[in-house]
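Enquirer: One structure follows; several queries about it will come next.
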Amino acid sequence: MQFSNRFIGIVAVIGAIAIVYGTFGFRAIPGQQFGSAFFPRITAGCLALVGVAMACGSPSGPWITLPDWMRSHRALRAAALPLGGITWVLLAPYLGFILATGLLILALVLVTGGRLLAGLGVAVGLSLLLHVIFSVLLRIPLPFGLVEGWFS
């Protein structure tokens, strides 16, 4: 599927506005110079700039073009990432960040044709690394869910 640059730019600007709107409810983190809304707003600003640049570019072709592969099994692979993200958002409060992230990474590795053993290694390693980065280094509170007893 192909989208025109103008369409992608408009969607990017709308997404940037949604990100900034979503950060108004973020709370301040005691002892830190920048609050938890700082990095999402920087990302939203960059996204808005790129979106405006894409939307103001020269128009070329139709807004959306559907290729033949959308009717095949490859459509599942294309839909795996957004569906996985939605599933992660719904399951993370119950399963916890580490377990939900590990399952998401493992599922994406398997859907894209990876091996189970390699996928398990990548899923465990990345989920623990992401937990250390966000929870320990950046002090972002992450849901523990089922694994809460393991770390207390």
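Glycine is treated like the rest: Cβ placed from N, Cα and C.
Quick paste of what TrEMBL says about this protein:
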| type | residues | note |
| --- | --- | --- |
| TRANSMEM | 7-26 | transmembrane segment |
| DOMAIN | 10-143 | domain 'DUF1468' |
| TRANSMEM | 78-111 | transmembrane segment |
| TRANSMEM | 117-138 | transmembrane segment |
Enquirer: Given the model, what does the mean pLDDT over the domain 'DUF1468' (10-143) come out as?
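Expert: That region's mean pLDDT is 87.
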Enquirer: How many helix, strand and coil residues does the domain 'DUF1468' (10-143) contain under DSSP?
Expert: 97 helix, 2 strand, 35 coil
